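Inspection log for the structure reproduced underneath, given as structure tokens.
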């Protein structure tokens, strides 16, 4: 059985333990700000001394013996069970005192203590081993169950329920659970930033104060760091075969050339674009960027060469360079746009419209309605028939029967068919010759007021015995104009015509030229009669 030692001052161990526990509890009531500000002066130093004394106490009382027993348990020995049974009651005799002695709060050691003590908590923490030893006795777990555990479970028996990480100490597990729960009890009073661990807060405060407690112990190296990890990375430069180190960062190099290439990165000219491309003029800060850019130029040149070869091959095969797919697409677009009219002038548009109308119009008697030559012939025939009817009415001594007047009206309103066209022309010519002879015999010589171009109202009135057949002069003139208007309306086509057809129709004799044609015919007949009489 191991006896509890006395304190260094000769005070019994029980009083010493109770007094240390009271001091630790009083420290636990302090705020975070007091812990931070009182870190260097007084309270924390006493706490360090207490922790050091407890570590020495744990090392002196059964720690080495417990480690030896663990090694013996791993080795096959016939008396293994007897030793375990003998060791088990010894641990059960003093579990309360050991638990009380390790009830101190968790706080990491300072950098100086880490360098002096060289204490690795992940390797063999004394608190974990003593608590595991006491826990095995208190929980009543048999040594057989402990022997069944693997080496990994013995090294890190505390597993996190949220992730797959395991820890060697329960305090480390409690610190790790703060990450999952989002608990950050330590806060910086300068920038109000919060942390899950006190060590993280201490490292953060050094960024505000500029303290660098981790100094390099290599001869002739004056560097110091605020974090231990930076010191460890720096110490590798002295341990390896890289004597050439950069004064601006922690990197080391094996030769001087690589160091000289690395140094310009820390100068003021590191942002200057000194590497220029000879092809396009672009500039870059590093040569690697320029090389990547030149690779793009090479890829573009290869693509252009492939395109040129494809164009040459297509030209030799008489295939457009655009490809068959584009030609098919263009043909499809032309087919879609075929429903729309192409851009053309007014005359060409009117001519195309006239052709379309003539093709669509129904043909009656083998001749289309849009044939203006046939319409013009019909106009001339109607004019001749009207003149013949008027001259018969104007000739003195010629008696008009109702049948003749009806026949004359029928001639005016009737449209000649193409079959009797030649016969009617011959008859009209004969009638005109006969009328001219009769007019030359019965018509007096033209006076100064009677001219071939005088209007109809200025002509000589007929004899009284013909007034009953003719009616007043105004009625005869009105009847003539009505007949001309009816003929013009019948001659004009009812379908839509084009602008080109309208232009041609304006230059042809139509409804507006009927009256002028009558006067012209009368004048010619009078001149011919005068010539015959003179002969």
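Every residue gets a Cβ built from N, Cα and C, even glycine.
Remember, it's a predicted structure, so these values are computed and weren't measured experimentally.
Per Swiss-Prot, the residue from the list 340, 479 bearing the note phosphotyrosine is 479. Candidates 248, 457, 475 were compared with Swiss-Prot; the annotation phosphoserine appears at 475. Listed ranges 37-59, 106-128, 244-266; the one Swiss-Prot annotates as zinc finger is 244-266. Here the candidates are 401, 445, and Swiss-Prot annotates 401 as phosphoserine. Per Swiss-Prot, the residue annotated phosphoserine among 138, 147, 399 is 399. Taking 186, 481 one by one, Swiss-Prot attaches phosphotyrosine to 481. Across the zinc finger (275-297), DSSP classifies residues as 11 helix, 4 strand, 8 coil.
Taken together, the residues of the zinc finger (186-208) have an average pLDDT of 89.
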